[in-house]
Amino acid sequence: MPLKHYLLLLVGCQAWALGLAYYGCPSECTCSRASQVECTGARIVAMPTPLPWNAMSLQVVNTHITELPENLFLNISALIALKMEKNELSTIMPGAFRNLGSLRYLSLANNKLRMLPIRVFQDVNNLESLLLSNNQLVQIQPAQFSQFSNLRELQLHGNNLESIPEEAFDHLVGLTKLNLGRNSFTHLSPRLFQHLGNLQVLRLHENRLSDIPMGTFDALGNLQELALQENQIGTLSPGLFHNNRNLQRLYLSNNHISQLPPGIFMQLPQLNKLTLFGNSLRELSPGVFGPMPNLRELWLYNNHITSLADNTFSHLNQLQVLILSHNQLTYISPGAFNGLTNLRELSLHTNALQDLDSNVFRSLANLQNISLQSNRLRQLPGSIFANVNGLTTIQLQNNNLENLPLGIFDHLVNLCELRLYDNPWRCDSDILPLHNWLLLNRARLGTDTLPVCSSPANVRGQSLVIININFPGPSVQGPETPEVPSYPDTPSYPDTTSVSSTTEITSAVDDYTDLTTIEATDDRNTWGMTEAQSGLAIAAIVIGIIALACSLAACICCCCCKKRSQAVLMQMKAPNEC
């Protein structure tokens, strides 16, 4: 073979080897044509090599890598995103990220990092997102993030940080999202956030904060979300949020707040969600929640509130969800809900209410769902739902109700779900109107549990819906008459027991004739019935068909309303708190 052929073969082999070095994919990884490399698996204990020189995205997940040595990524300078999560990583050497000047996204979350070298990020000045969450970090150096003028997102939640130097964020002027939740902070410096004028999301949840100094959030004029839930905050300074006029979501739940200072929420015109559940609030002063014209959700459950005064929520005319369950409410003033003209859902369950004023819900013209279960309600005014024509769900189970007023639900044409079980219903003559209404509207009771009679003793435990309620009329002595088949009373909402009994007795006496006369005239139809009996049978059949049609219509209404209700609730209800 000529010498030039040997030379060509040698050059070709070298080029092939060089191509592998630049374009090859490590056996432990998968590489796509879109310059994406993914390396996963417990068998990986060191960074796989060689990595393709044109890689733009590298993911190293669920490996046993413990260390990133110096100059590890020198040959992949085009890298834009590096994700190293859920590894055993505990050490990063200075210079590990050298030559990654194009990197925009770096995630080191869910590792075992305890300390970070002071200049570990000096070669990635163009980072926009840095995720260090769910490690074991105990300290942040004052100049740790000093070179990140382009950083937009910093995630430090889920570490063991007890404090942060007050100058740690001074150079992060472009930061829009900062998560410091689930650490062990006990205090914050008033100047910690003073250079973060572009910050939109600040999360400090699940720490040990007991007090927040006045002025801590004054520089955060663009803040939209502030998460302070699950701390140990006992008091709030009156002007704590006065400079946060763009705030939309404020989470204060599960703290130790016992009172709300007057004017605490006065300067929050954009707020649409406020959570205060799981605190120690005992009273709500009228006007404390206003004006907040954009507030849609107010969560106040699991407090110690005992009463609601007139106009407590009068400045919240766009409120759609009000949750007051699991308190100690014994009294609600008739004007407590004034101004809540757009309220859709009202939760008052698990309180100590015994009575409600007939006008208490009169201003809630758009209410759709109301939960009153697990109180001590003994009775309800007949007009309590008079102005709430759009109700689709009413929960009254687990109270002390023995009866309900005539016609209390008649105008609620959209009612789909009514819960009445676990009440001590008294099934005497007074219950017949409710019994008849339930017969015609059984589909609205659902299929889980039906209301059951508690008294008298002879009907205890029987369903209020299907029980056969018979009340004897006055006895009339007369000659023995032929036995006439009995038919169920016609289900009708008005109580007509006395009328029907008298009519039946009078008819039986007036129409009495000798049996021989009946047999002689043979005035019976094909089924062996008299004309009167045939009329009763036909009437019973017609009424049965009408009742079946009403039940079917109620079922269709219920299905349609449930879909509408779920759609509304899906639009109102927000994700879980961060």
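Just so you know, glycine gets a Cβ as well, placed from its N, Cα and C.
Annotated features, as they stand in Swiss-Prot:
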type	residues	note
TOPO_DOM	22-535	topological domain 'Extracellular'
CARBOHYD	ASN75	N-linked glycosylation site
REPEAT	102-123	repeat 'LRR 3'
REPEAT	150-171	repeat 'LRR 5'
REPEAT	294-315	repeat 'LRR 11'
REPEAT	342-363	repeat 'LRR 13'
CARBOHYD	ASN369	N-linked glycosylation site
TRANSMEM	536-556	transmembrane segment
TOPO_DOM	557-578	topological domain 'Cytoplasmic'
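Within the chain carrying the repeat 'LRR 13' (342-363), a Cβ under 8 angstroms from the stretch's Cβ atoms is held by residues 301, 317-336, 369-388, 395, 400, 568-569, 572, all 6 or more beyond its ends. Model confidence over the topological domain 'Extracellular' (22-535) stands at 88, taken as the mean pLDDT rounded to a whole number.
For the glycosylation sites ASN75, ASN369, the largest tally of other C-beta atoms within 10 A is found at ASN369. Here the Cα atom of ASN75 (N-linked glycosylation site) is found 62 Å from that of ASN369 (N-linked glycosylation site). With DSSP classes pooled into helix, strand and coil, the tally for the repeat 'LRR 5' (150-171) is 0 helix, 3 strand, 19 coil.
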